[in-house]
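Asker: What follows is a structure written as structure tokens; I'll ask about it next.
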Amino acid sequence: MSKTDHHDRRQPQPYRPYRWPKEPDGHSGGIWFGGDYNPDQWPEQVWAEDVALMKRAGVTMVTLGIFSWARLEPSDGVWDFGWLDRVVALLGEAGIAVDMASATATAPYWLYQAHPEVLPVEADGTLVHPGTRQSWRPTSPVFRRYALRLCRVMGEHFSDNSTVVAWHVGNEYGWNNATDYSQDALKAFQGWCRRRYGSIEELNQAWGNDFWSQRLQNFDQVPLPEHAGVRDAFINPALRLDFRRFCSDALMDFFCAERDQLQELTPDKPLTTNFMVSTDQCVLDYERWSHQVDFVANDHYFAHGPGHLDELLCSDSLVDAYAQGHPWCLMEHSTSAVNWRIFNASKRQGELIRDALAHVAMGADAVNFFQWRQSAFGAEAFHSAMVPHAGPNSAIYAQVANLGGILRRLSQSGLAGTQLEPSSIALLFDADCQWSMADSTLPDCSIDHWQQVYIWYQALLDAGYRADVVPLKGQWERYDVVVLPSLILLDQDQADRLRDYVSGGGRLVVDFASGIMDDHMHVGLGGYPAVLRDLTGIASQEMIALGTSDQGGGSILVSEGIEGNIWVNEPLSIEDSVRVLARYQGSRSYDIDMAGKPAVTIHGYGQGRVLYLGTGFTKESLVSVINRIFPPDFFTGAAGRGLHNGRDGDPRLVHLIRSGPQGRYHFYFNRGSTVVRDVSTMGETLVVQRATPYSGGGLSGNRYTIGVHGVVVTRQ
Ligand code: GAL
């Protein structure tokens, strides 16, 4: 094989040097606090009140101008910065820093009218019209020209402005243009494939183009995975996966061009853009993106329900891994309800402050909301904000101000700059795996890699362990235990890494859907999971889909109260050295000829051990698998290193620690639905929210009763 991008993609990429926004006076101290500020939606008289209320609430930074292109450039090449300069001056006088947007997220109508060729196209050929946001194709040379001109003008305009401490390039790239099927995209995709594969024969092999007569003669024939009729799901999966990779790269390339233009003019201002990492979406390959920003920023919107805090921690854990142990910025979250779900739940009492502190515990040194003042018109009028429609005499503003005070106190205590202490269990995540399961042609199409990561994350918490979510391409060798949660794509290099890890004493969990295909979605032959077979010591011949009772199927019993779901791997061969920990049983196991066959096994390999799960599990069943079927010492090192949540391993409590030369900061959260009594905390108490002293008092060695949504923060 020639040396192409295909190989480069697997090599570790260099990171940009970490740079964090410094306060206008050059100090870098506290935790930034603020949100998106859209003063262009309000008459100028409101601005002075805004700034006064910001000061009262302890706001230290706002993001300006994200959607202001039409105000800044009212017609082609005509600029109006007067209003923005007045806002920046007001903020600057009040000591509030600005994270300035490149303002390129959404173009003005005049641009779309003059150049409809910048509009993206959907898979079925439908043109995406302007009217919401990001109605542009990242591969359009015309759009790039306009956007880079705006970046240049913005950069020149604010180069000497010390109130502007950072650049917010674009906004949530891929929100509305994650995929584009235009002619520009086609041309760019063909070029991307040429660089990746070098020769068309290499591409034919990688995509398996001998299937259904898809062999190509040259790169000009490379298609986009456009709408292919009602059988869309059967579009070549390898082509579709490469297209997703390309789309993420095309947006990243666009971001880098904007970043570089701004950086050239303002080399002293760090640059970032806001990712969208939460367990209900993985739009772009943020592992690759994380190498391109000066500091990582993320937007997180809560998932209502009993898993609210767990989901936040799981998502943030991946963000923290992307940030490589550096503090990161929570660029957006909500004070209460959003307005874009079907059911837009409000935050319950205590959740506003609890969520913000949970992000801080997970490594955020900036806490921002969307948005400062709730819009009075437009598509987001019913999205919560820091100053709601009711005004400052409201419960939400009071909580915002309360939070501002708490963050100030934490800043004064020296928390900023400390790092989240890692756990000893890594759950591996990979965007390619996530994408390969969308529109899947797998035995069961309901399976979702990111959901499986989350199921593991929550199950471990319920079992008393905290895990870290780590990118497959990241550094996971230092963990005692590594779990592959339906990491369906694994190529030989990655399998070799896992082999070295286990040989050296690592403990690995391989689940039912891991290691089935390589990174071109070619199935490994000779028994699943081919690439890991020597590790598991067990190979399977068929995947027997279980389905649900509504579908005429149903789960399978593994042990009393433990049910397998999704599919069962029917064993082909088992090495003598494999120890069976659980076998299938019950009527369903007879129905599918699996009675008595191994469901959970363990295998020694080198100095390490490999635990293999032959079927999927719900979160509840997985907790029982961990507690009752895993060997009791499987997580020993992990528990021994203080990962157990709280006192006596009460799984309702999450105990997170940030540390640095300044000290160790302990965060104790109640993740349950009942009050947790008698929680011993370490050190001097800094924050007590929805918690009361359990007994005694004093400043050290305190014990607390932590209420629902409650949190205690201490410093040791
Ligand atoms: C984000 C976006 C913000 C705002 C917010 C509402 O996706 O960046 O501009 O729309 O959602 O939740």
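Keep in mind that glycine also has a Cβ here, set from the backbone N, Cα and C atoms.
Source: prediction; values computed, not measured.
Straight from TrEMBL, here's the annotation block:
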ACT_SITE  GLU172  active site, proton donor
ACT_SITE  GLU332  active site, nucleophile
BINDING   ARG133, ASN171, TRP340  substrate binding site
DOMAIN    36-409  domain 'Glycoside hydrolase family 42 N-terminal'
REGION    1-23  region 'Disordered'
Asker: Under DSSP, is GLU172 (active site, proton donor) helix, strand or coil?
Answerer: coil
Asker: Give me the sequence-ordered set of same-chain residues, not including ARG133, ASN171, TRP340, with a C-beta within 8 angstroms of the centroid of the substrate site's C-beta atoms.
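Answerer: Near the substrate site, the remaining chain residues are ALA105, THR132, GLN134, GLU172, TRP175, ASN176.
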Asker: Do you know which of the recorded positions ARG133, ASN171, GLU172 end up with C-beta under 6 Å from ligand 1?
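Answerer: What lies within reach of ligand 1, judged by Cβ under 6 Å, is ASN171, GLU172.
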Asker: Per-residue pLDDT averaged over the domain 'Glycoside hydrolase family 42 N-terminal' (36-409) comes to what?
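Answerer: Taking every residue in the domain 'Glycoside hydrolase family 42 N-terminal' (36-409) and averaging pLDDT yields 97.
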Asker: How many Å lie between the Cα of ASN171 (substrate binding site) and the Cα of the residue listed as 'active site, nucleophile'?
Answerer: 11
Asker: Tell me the Cβ contacts of GLU172 (active site, proton donor) under 8 Å, same chain only and six or more apart in sequence, or just say none.
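Answerer: GLU172 (active site, proton donor) has long-range Cβ partners ALA105, THR273, ASN274, PHE275, MET276, ASP299.
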Asker: Give me the largest Cα to Cα distance among ARG133, ASN171, TRP340, the residues the record lists as binding substrate, in Å as a whole number.
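Answerer: Taking every pair among ARG133, ASN171, TRP340, the longest Cα gap is 17 Å.
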Asker: Counting across all protein chains present, how many other Cβ atoms fall within 10 Å of the Cβ of the residue listed as 'active site, nucleophile'?
Answerer: 21
Asker: Rounded to the nearest Å, what's the C-alpha distance separating TRP340 (substrate binding site) and GLU332 (active site, nucleophile)? Just drop the number here, would you?
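Answerer: Checking the Cα atoms of TRP340 (substrate binding site) and GLU332 (active site, nucleophile) gives a distance of 15 Å.
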Asker: What's the CA to CA span in angstrom from ARG133 (substrate binding site) over to the residue listed as 'active site, nucleophile'?
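Answerer: Between the alpha carbons of ARG133 (substrate binding site) and the residue listed as 'active site, nucleophile' there are 17 Å.
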